[in-house]
Amino acid sequence: MLKLNLNNKLAQTKELFVTQKNDWKNFFWIFLYILLPSIWLLIRTLVITKYMNASIDTYAQWEYLNIMLEVVQETVVFPLYWWFGKINKKDKSQLKKVKDVYLLVFIVYALLIFIFSFFVADIVKVINPEKDVQEKAFFVLQLWSKVPNILLGISIIVLLNMKAYKKLGFLVVGKVFLLVIFDLLFANANVFTNNYIGLGTSSLVGAILLLIISMLFVADEFGFREFWISNRMIFSFKNSSFNRTFFSNLLASFLFSCTSNIFYLIMMAKNMNLANGSAAYWLSNQVIWSWILLLPNVLGYINKSIISTIQQKNQKQEIIIIIQFQVLSFLAIAISMLIFIPLYKPFTYFLSNSNLSLSNQSWAIFSKVICFYIFYALSQSISAYFNAKGANWILFIQTILTNIIAYLPFIALNFINKIDLHDVNVLAIMFGITLFVSFIVNLFLLIIYLAINRNKNLCITD
């Protein structure tokens, strides 16, 4: 009997992996989708440090400002894997879902960016008070490039859920090609005397062209006539495809992103600026987020795609998928570390235009946080599961608990003068502990979630 049960479980596991065949067969295209933007960011860093009269520190300030915008971007993007689910090209109601999302996001995001752009000077001063007028123009251009970029993100999720991986691959190859060309073209003193304006213009023009290409790809999947003519793009809340569950997940995503990013900006970004470590921290993050986390991020996309589109799931299958991606995430981050840790110093020395001091300062931060990213990779695998299930309220609870547990002890120790939160080394350790706590809290919530929903269909519906 025991042998029979074991054989049945092995057969079920094998059947589950067979259903994932197409997702893993297209691993290459998703890998390209993650890899090529990293190459573009590498080239952009080289353009800034070697060919422009510009500073990495200024670009680092934009990244902090960009974190504020992630609140809105993540609010929209997080629920979409669950909301779209498995997309049927011939189902007009699903086409309407896609078009409604495009229009709602465009209206809301364009309005927010319009308002935001009037106050960009004040916001930049909050992060770092020493910014001149010319650099503010760069921030405004970068801000407006976010509108087509978030719409491009919607196209990418649609193409992923429709398994249109080749189109996704062509899109990302085109992205790198266009953005590199525009960086070299516009960041030229003969075009713009202010290199920052050239860099911002490159971002905006490139994002608009890529959005147009992405929407043509999505239209091709549904059929051009159906996409552009049927149910024309006129948005109305009354006739929209959105329901209470969608807006509930939207609110949960907003609260999750808002909470995590506000804590990060107050505890990390602002203190890192005051500690004069912005450039080194940014350099460290480029290696971690663009290269070391590349494979785990690919797995995250596949994880969300499988969970949100696989049909007739049961809890046992989902537990197998969770364990599968925990193991794969650990292996992926371990392999990445083995490759990039030995290369870190020469790589950052090259990126920083042979600035040995900046490279060494960056290594001091990197060496303290890198091992904690193992927990980040494992935690993100669990978050991908919650995200694909539409369980975004759990992610909100997770970020509240994580930030309170991780940051409060450091705030208390700083208050009684036991530590200095303007010390780069202290900040690095604090951020690393946050990643560890995030994994523990996520794992705890996952166990509770699975226990409560044992033997139930976990899909969230009306």
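Using the three backbone atoms N, Cα and C, a Cβ is placed for every residue, glycine included.
Here TrEMBL flags 27-47 (among others) as transmembrane segment.
Residues or ranges marked as transmembrane segment in TrEMBL: 101-121 (among others).
Residues or ranges marked as transmembrane segment by TrEMBL: 141-161 (among others).
Taken from TrEMBL, the feature transmembrane segment covers 168-192 (among others).
Annotation source TrEMBL lists transmembrane segment at 204-224 (among others). Proximity of distant same-chain residues to the transmembrane segment (204-224), defined by a Cβ-Cβ separation under 8 Å and at least 6 residues beyond the stretch ends, is recorded for 89, 95, 98, 102, 141-142, 144-149, 151-152, 155-156, 158-159, 162, 164, 167, 170-171, 174-175, 178-179, 182, 186.
Among the features that TrEMBL reports, transmembrane segment is placed at 245-267 (among others).
Annotation comment: TrEMBL describes 287-307 (among others) as transmembrane segment.
Taken from TrEMBL, the feature transmembrane segment applies to 319-343 (among others).
Residues or ranges marked as transmembrane segment in TrEMBL: 363-386 (among others).
If you look up TrEMBL, you'll see 393-416 (among others) marked as transmembrane segment.
Positions annotated as transmembrane segment by TrEMBL: 428-452 (among others). Beyond its flanks by at least six residues, the transmembrane segment (428-452) meets 267-268, 315, 318-319, 322, 364-365, 368-369, 371-373, 375-376, 378-379, 382-383, 385-386, 391, 394, 397-399, 401-403, 405-407, 410, 421 of its own chain at Cβ-Cβ distances under 8 Å.
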Highest-contact recorded stretch vs the transmembrane segment (363-386), from 287-307, 319-343, 393-416, CB pairs under 8 Å: 319-343
Folded-back contacts onto the transmembrane segment (287-307), same chain, C-beta under 8 angstroms, at least six residues removed: 20, 23-24, 27, 30-31, 33-35, 37-38, 41-42, 81, 160-161, 163, 313, 318, 321, 325, 328-329, 332-333, 335-337, 340, 344, 347-348, 366, 369-370, 373, 376-377, 380-381, 384-385, 387-389
